[in-house]
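Copied over from TrEMBL, here are the features:
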| type | residues | note |
| --- | --- | --- |
| TRANSMEM | 12-35 | transmembrane segment |
| TRANSMEM | 47-64 | transmembrane segment |
| TRANSMEM | 70-93 | transmembrane segment |
| TRANSMEM | 105-127 | transmembrane segment |
| TRANSMEM | 133-152 | transmembrane segment |
| TRANSMEM | 164-186 | transmembrane segment |
| TRANSMEM | 192-213 | transmembrane segment |
Amino acid sequence: MTHLSVHQLQFIFGLLGNLISFMVFLAPMPTFWTIYKKKTSEGFQSIPYLVALMSAMLLLYYGALKTNAILLISINSFGCFIELVYIALYLFYAPKREKILTMKLFVVFDLGFCGVILGGTMLFLHGMKRTNAVGLICAAFNLSVFASPLSIMKRVITTKSVEFMSFSLSFFLTLSAVMWFFYGFFMKDPFIALPNIVGFLLGMIQMIIYMIYRDKKVNSFRGKEVNLEEGDKKYERNYQNVPTIENQEINMVKTNGNT
């Protein structure tokens, strides 16, 4: 039995990470199909796509600074392209107010923030210091991205409904975190490996919360139906006890006849 080398394992997990991340990047397609059919992006937010674009841009820069990081470059190049397409479609169908806000965020964060990092590290840092600095920034940013679903988890727990949580997306993000962790582990890159540990743990928590609350909505509807049925029965009983106009007229006639 032949054992795989470290470079082979690195390539396998990097390739699997590319395939899964590719599917994650395509996950918003149904959302934009809905926007296309409605001819408006009102009710949807552009922030997730702006954040995803920034993350892909930073990781693309980090991959370019490293050696033998072609798999990191390939998936984040696609990420930059597809997120730009999403943002362009959002802007095309967005109302004026959301369009202006999205453009401001794009200029300030995606162009301005990334531009400052690119220019600052190119001017003031060299060699491994530059690579480590960019890697640290990527790790910190990815941690904040992984922590962003905490608000959704809180909403699910509060409302006891999984309406706003996608199990399939949580599953693929968790699987993606596993693949990129092992890719970073075999590359001996803590800036790739460590944030994905947090991503894996938060992904598992999301799926557990989904499993706990997935039937709560159905049960609540069933409870409402039972209450409605009980209310209808009470109404029927009360209605039967109320004397009708015809009965009152008959009683009046009988009373007059007896007098």
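The backbone N, Cα and C atoms fix where each Cβ goes, glycine too.
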Top Cβ-contact partner of the transmembrane segment (70-93) among 12-35, 47-64, 105-127, 164-186 (pairs under 8 Å): 47-64
Outside the transmembrane segment (133-152), six or more residues from its ends: residues with CB under 8 Å to it: 51-52, 54-55, 58-59, 61-62, 65, 117, 121, 125, 164-165, 170, 177, 189-192, 194-196, 198-199, 202, 206
Touch test for the transmembrane segment (164-186) and the transmembrane segment (12-35), at least 3 Cβ pairs under 8 Å: yes
